[in-house]
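Visitor: Sharing a structure below in structure tokens format, with a few things to ask.
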Amino acid sequence: MAASCSTSNTSGNNADCTSPSPTETIITESGDKGVPGTSSVVVVEPATESSCQGETEDSGGAESPAEDEDNEEEGEGWGEDEEEGSAGEDDQVEDCALLAAATVTPVKGTACSVSPIPATNEASVSRTWRKRKLEVQNGFPSKKLFPEDKTVASSLKKKTHEGCIPLEKVKVQRSVIPSKDNPPPEMYDWLYQFQRWSNAERLLAIDQLIDTCEPTQVRHMMQVIEPQFQRDFISLLPKELALYVLSFLEPRDLLRAAQTCRSWRFLAEDNLLWREKCREAGIEEVRETVARKRQRGSASTVTSPWKAAFMRQHAIEMNWRIKPIRPPKVLKGHDDHVITCLQFSGNRIVSGSDDNTLKVWSATTGKCLRTLVGHTGGVWSSQMSGSIIISGSTDRTLKVWNAESGQCIHTLYGHTSTVRCMHLHGKKVVSGSRDATLRVWNIESGECLHVLVGHLAAVRCVQYDGRLVVSGAYDYMVKVWNAEREECLHTLQGHTNRVYSLQFDGLHVVSGSLDTSIRVWEVETGACRHTLMGHQSLTSGMELRNNILVSGNADSTVKVWDIVTGQCLQTLSGPNKHQSAVTCLQFNSRFVITSSDDGTVKLWDVQTGEFIRNLVALDSGGSGGVVWRIRANETKLVCAVGSRNGTEETKLLVLDFDVESK
């Protein structure tokens with residue numbers, strides 16, 4: 001909007017001029033009395049009355065002498081330019097007079113102040129304009145505060161560049177916070193140059209930029225960049241690929257991933273995925289009872305039977321390791337006699353004693369189901385398969401029993417001394433006797449199929465895999481037999497004392513002796529592969545699984561060996577070790593369970609060799625209480641306990657670690 005002003009000059013002629021709009025806002029950039037490169041906001045308002053020659057009337061009075069003196073100094077040194085083309089100079093003087101008549105009012109919050117410029121002659125104004133023009137050309141680009149005022153701002157910017165407002169009179173400050181709508185103009189040139197660079201150049205520029213940034217700016221970068229990498233890649237992948245990725249997680253991490261979102265939970269419940277996890281953990285089948293319970297459960301419960309099987313095993317393991325031990329079932333029998341042999345299969349427990357009897361117990365109820373009577377001497381060895389029980393006695397016979405009815409099916413005669421050991425495989429059982437012979441029997445017909453003769457002293461231990469028979473005796477020898485041909489294939493010599501224990505996996509024979517050594521033999525060649533040294537006394541019991549051997553010794557220690565390399569992997573000892581001879585042991589892929597003459601049953605970690613806790617600790621331990629035998633399965637532990645001096649009653653203790661038992 002234009003405004004008219006009336007002026008008078010020396011000739012008395014009237015002239016019209018155009019003033020700026022009532023209020024105009026500009027941003028200028030300068031380094032005068034401020035921070036270099038900063039911007040300032042200036043509002044220009046028109047004066048009420050003005051003279052085109054610069055004579056200004058305002059409420060504040062005339063200009064100060066100092067300002068006149070400044071204007072005169074500004075014109076010095078420019079006289080040589082007065083004669084340059086005067087065409088258009090009148091217009092420039094007119095515009096200059098209009099702007100000089102204006103009052104510059106600072107915006108609130110700025111320290112900018114510009115006073116009206118007094119009028120001088122046309123030549124002085126021209127010199128001043130030229131000087132200002134050179135200064136403006138060397139200045140910084142200006143920036144608009146309000147982009148929508150394009151017409152007004154551009155008009156004032158043009159007049160400013162023509163030198164009508166002295167820039168050094170304007171105090172400037174850059175805006176505190178630039179925005180996306182109002183970025184620094186230099187930024188576009190920088191971005192354009194960055195886009196032209198190669199990848200290596202860009203990386204170098206980024207490195208240099210980060211080095212020059214302050215910590216707050218680096219944190220801002222992180223906040224902007226990190227979300228760019230947060231992608232739910234599992235949900236975006238095809239199901240097959242997503243399951244392949246999840247298969248690398250440990251079960252514990254897989255359970256955590258299932259809590260992320262619904263799509264992850266759906267994938268983490270995949271039955272085939274958990275079947276692989278179960279196989280890795282040694283779980284080969286799903287219990288039908290668990291599967292049926294899951295089918296009857298609500299939709300929100302676990303739907304994968306394999307996952308349910310894995311979770312059940314994990315809960316059972318925690319019961320063994322850390323959960324409170326439930327009070328055991330106490331099965332009393334055999335009076336004060338010694339329990340010499342113990343078998344445990346399914347829910348049936350069979351104990352043999354030197355009282356000439358065997359007893360059949362329910363592992364669930366703890367009741368004695370049957371007492372097998374018929375031997376005329378103490379029972380010293382036994383085997384069980386399904387409902388069939390075979391026992392060997394000091395009366396030199398073997399008996400075959402039906403566990404369901406308690407009936408003796410067969411009495412096997414042939415040995416001439418105590419039947420000290422036996423091993424059942426399928427429908428055949430091999431027995432070893434103090435008469436130095438071994439016999440192979442058919443348990444269905446009761447017939448003696450083969451007699452193996454060759455040992456020079458009592459046979460103490462025997463193993464049979466259906467093809468070969470391996471026996472250890474008090475003559476320091478270990479023999480490998482072909483039972484069908486009644487032929488001794490190899491006599492394994494090396495021990496220097498009685499052989500008390502044997503293990504045989506079809507490829508290797510492992511023998512333990514009173515000479516404190518354990519020897520590993522190749523069954524096909526009869527060669528001794530390793531002599532395992534470390535124990536200090538008789539190796540009374542051993543267990544072999546997948547090339548891992550666990551041996552218990554009368555020196556109160558238990559050792560874990562690798563029979564392929566001959567290395568001792570762990571020694572189960574330390575401050576919590578047994579205080580007397582180890583009597584029996586059992587182990588699986590997670591635990592080793594050991595019993596001792598000190599009246600305790602201990603649980604160890606098979607991988608680390610660390611002591612976990614005592615499962616049984618008799619009150620009479622150390623004063624006569626003994627744990628003679630132990631047998632365990634996945635969820636139960638059966639211990640045969642008693643004493644030789646009457647301090648502990650003979651009994652069986654059944655500990656239950658099943659999650660489903662209450």
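Quick reminder: no glycine exception, Cβ is built from N, Cα and C everywhere.
As the structure is a computational prediction, the values presented were derived from the model and not from experiment.
TrEMBL lists 1-28 with the feature compositional bias 'Polar residues'. The region 'Disordered' feature in TrEMBL is assigned to 1-91. Sequence annotations record features per position, and here TrEMBL assigns compositional bias 'Acidic residues' to 55-91. According to TrEMBL, the domain 'F-box' annotation covers 231-277. The feature repeat 'WD' is assigned by TrEMBL to 345-371, 372-411, 412-451, 452-491, 492-531, 532-571, 575-614.
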Visitor: Hey, which bits of the same chain come close to the repeat 'WD' (372-411), Cβ under 8 Å, at least six residues off its ends?
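Guide: Residues packing against the repeat 'WD' (372-411) from afar: 340-343, 345, 348, 350, 352-360, 417-424, 429, 431, 433, 441, 443, 445-446.
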Visitor: Quick check on the repeat 'WD' (412-451): DSSP residue counts for helix, strand, coil, in that order please.
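Guide: Helix (H, G, I), strand (E, B), coil: 0 helix, 25 strand, 15 coil.
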Visitor: On the DSSP side of things, how many residues of the repeat 'WD' (492-531) fall into helix, strand and coil, could you say?
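Guide: DSSP classes over the repeat 'WD' (492-531) add up to 0 helix, 22 strand, 18 coil.
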Visitor: Based on DSSP, tally up the residues of the repeat 'WD' (452-491) by helix, strand and coil.
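Guide: The breakdown for the repeat 'WD' (452-491) reads 0 helix, 24 strand, 16 coil.
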